[in-house]
Structures are given as C-alpha cells and as structure tokens.
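Features as listed in Swiss-Prot:
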type    : residues                                                 : note
BINDING : Arg19, Phe20, Ala21, Pro22, Ser23, Glu55, Tyr182, Arg200 : L-glutamate binding site
BINDING : Cys111, Cys113, Tyr125, Cys129                           : Zn(2+) binding site
BINDING : Lys241                                                   : ATP binding site
MOTIF   : 22-32                                                    : motif ''HIGH' region'
MOTIF   : 238-242                                                  : motif ''KMSKS' region'
Amino acid sequence: MLPPYFLFKEMTDTQYIGRFAPSPSGELHFGSLIAALGSYLQARARQGRWLVRIEDIDPPREVPGAAETILRQLEHYGLHWDGDVLWQSQRHDAYREALAWLHEQGLSYYCTCTRARIQSIGGIYDGHCRVLHHGPDNAAVRIRQQHPVTQFTDQLRGIIHADEKLAREDFIIHRRDGLFAYNLAVVVDDHFQGVTEIVRGADLIEPTVRQISLYQLFGWKVPDYIHLPLALNPQGAKLSKQNHAPALPKGDPRPVLIAALQFLGQQAEAHWQDFSVEQILQSAVKNWRLTAVPESAIVNSTFSNASC
C-alpha cells in the first residue's frame, strides 16, 4: 500500500527550498537569529525559496503571543519569507493520517512503558512492547525500526556518525499525552512543503538520523542537512530560551545582523552605518560562502544573559 495522497508532494521543478521553523516558546534571541540568517542566506544564494513554519504542537511549552512576536522580529531584521506561514497546529489531520498509515503497514506499535522503567535500564528503550500488542489506551506510539540510520552527510561537517544504540531505538512518534512528537511532525511537514535542504543549529544533529529513518519508511527523498555552529554563553551553555537568553534588540537591527554575519564567518560591511538592512542582506547573499562557516560552537557574551 502506498502512502496516502496527502503525503505526496508533487515537485514541479528542482528549485531549492529552505525553511526556518521556530517553536513559539519565547521570542527569538541571538542564537535563533544565527539559524534564521544562515538558512535565509543559503536559500537566497541558491536563488531558492525560504519558508517559515511555526512549530506550535506543544501547547504546555508555548508562550502566548510568542508566534506573532517571532514573525514581527523576522520582518524587523529584514528576513522576509516566501508564501504563507505554515502552522503545525493546523496540521493535525496530516499527522493522524501519517500515524494511521504507519500502523497499517506494521511500522509502529503502542507502548505503555514509563519513563522511569526506561531510565532504569539505562535510558535507551529496549523494544519491550514490540510484541505485546497493546491498544491505544494510555500508550505512546513508537516507530518499529526497520533499517536504522547510523550516519549521514552534513554539507558543512561531512559524515556524522550517530550513537548506535540511539539510532536503533524505536523512538516515539505520538506521545502518551496525545501530542504529536517533533520527529514525526517535522518530517511530514518538511516533505509537504518540498524542503530540499534543512539548515539549523547543531543542537539538532542528534535527531537527524531518526528523521532520515522516517523519510525512508515513507519512501520519500531525504533532504540535505547543514548544522550551523551554536552561540554559547560564557558558562558554555547554548543561548536558549530555557537559559534566559535575552530577546533580540528592538532597535536598529543592523549591528546585530553584522554580528551574526561575523559569527557565521561571513564578510560584513565595514561601514554598515551607510547601508540599509536590505542592502546589508543583499551583500550578504552575494558574498555568502558556506565553506567560511565555522563548525565549532562560539562563546558570544554580547548577546547572552551575562550582559543583561
């Protein structure tokens, strides 16, 4: 049986399509800008489209009004997207259909194991419920791994090897609390939107092999991946909403854009005060070099909570 109709994305051409997909758990900070700017420049330098998706499928983590603020921040920093914003909260039917297809193909199963049990055996799920034929009551849904992906090629970093046990784990695609898992939603939506290359932060390297395994189960073409360096605070922690990284400044966006370009190893206008945001970005697109982007994380105290 072929995947249901909605899962097919008819590609009319071979145009490059990139995306930025923030979760509305708070405002964008400097680390978020790195991911947004890097994906934007890579798409525009390839004469491609740049899409924005709001990943609002985890209501307990969402901050009211954050999604709208994120969109305003992107516009303030000159990062204008193509087409309509895709909201994951409006895509539940697609995720349900994907889950149903996987279940019909015998590629998923219900699991009632608790987090405490999994932690007691070392933190990696052991397939305990694979042959127990549980029903959906008080159960999560796990993928039945067929061909685990243990490595992938990153267009910046080369071949990346995954932890073998993690790669072979039957991971959750629908949570016990009824929420759709990130790995399922992101794969279904990236395919639906025709994304050809995913440019994001290096903190998302780990789930990549799981996402590739889902692409393969569905029989879809796997996109290319680029994982950008992370901005760290002076304590060595990633700038994040959880670590209280300050929101992007609401004033003149140009000095922050210049700092982000320099962070990514790119040529920046020496006399940026003489240029508009649009001109700075046009120059950045023209001079974009992926090979100049550093692979390692960088401490950036200027935009961390240490400077607040």
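Cβ from N, Cα, C; glycine included.
Local packing around the Cβ, expressed as the count of other Cβ atoms within 10 angstroms, is greatest for Phe20 among the binding-site residues Phe20, Tyr125, Tyr182. Sorted by the number of other CB atoms within 10 A, the binding-site residues Ala21, Cys113 start with Cys113, the lowest.
Same-chain residues at least 6 positions away in sequence with a Cβ under 8 Å from that of Glu55 (L-glutamate binding site) are, in sequence order, Ala21, Pro22, Ser23, Pro24, Gln88, Tyr182, Ala185, Val186. Among the binding-site residues Arg19, Phe20, Arg200, none has a Cα sitting within 10 Å of the Cα of Cys129 (Zn(2+) binding site). Neighbouring residues of the recorded L-glutamate site, listed in sequence order and excluding Arg19, Phe20, Ala21, Pro22, Ser23, Glu55, Tyr182, Arg200, comprise Arg53, Ile54, Val186 (Cβ within 8 Å of the Cβ centroid). Taken together, the residues in the motif ''KMSKS' region' (238-242) have a mean pLDDT of 67 on the 0 to 100 scale. Neighbour counts of Cβ atoms within 10 Å were taken for the binding-site residues Arg19, Arg200; the minimum is at Arg200.
The motif ''HIGH' region' (22-32): residue composition by secondary structure is 3 helix, 1 strand, 7 coil, according to DSSP.
When the binding-site residues Cys111, Cys129 are compared by the number of other CB atoms within 10 angstroms of each CB, Cys129 has the fewest. Comparing the binding-site residues Pro22, Ser23 on other C-beta atoms within 10 angstroms of each C-beta gives the minimum for Ser23. Taking every pair among Arg19, Phe20, Ala21, Pro22, Ser23, Glu55, Tyr182, Arg200, the residues listed as contacting L-glutamate, the largest Cα to Cα separation comes to 16 Å.
Separating the Cα atoms of Cys113 (Zn(2+) binding site) and Arg19 (L-glutamate binding site) is a whole-number distance of 35 Å. Other residues of the chain with a Cβ within 8 Å of the Cβ centroid of Cys111, Cys113, Tyr125, Cys129, the Zn(2+) site, are Thr112, Ile118, Asp126, Gly127, His128, Arg130, Ala140, Arg142, Asp170.
Here Phe20 (L-glutamate binding site) is positioned 32 angstrom away from Cys111 (Zn(2+) binding site), judged by their C-alpha atoms.
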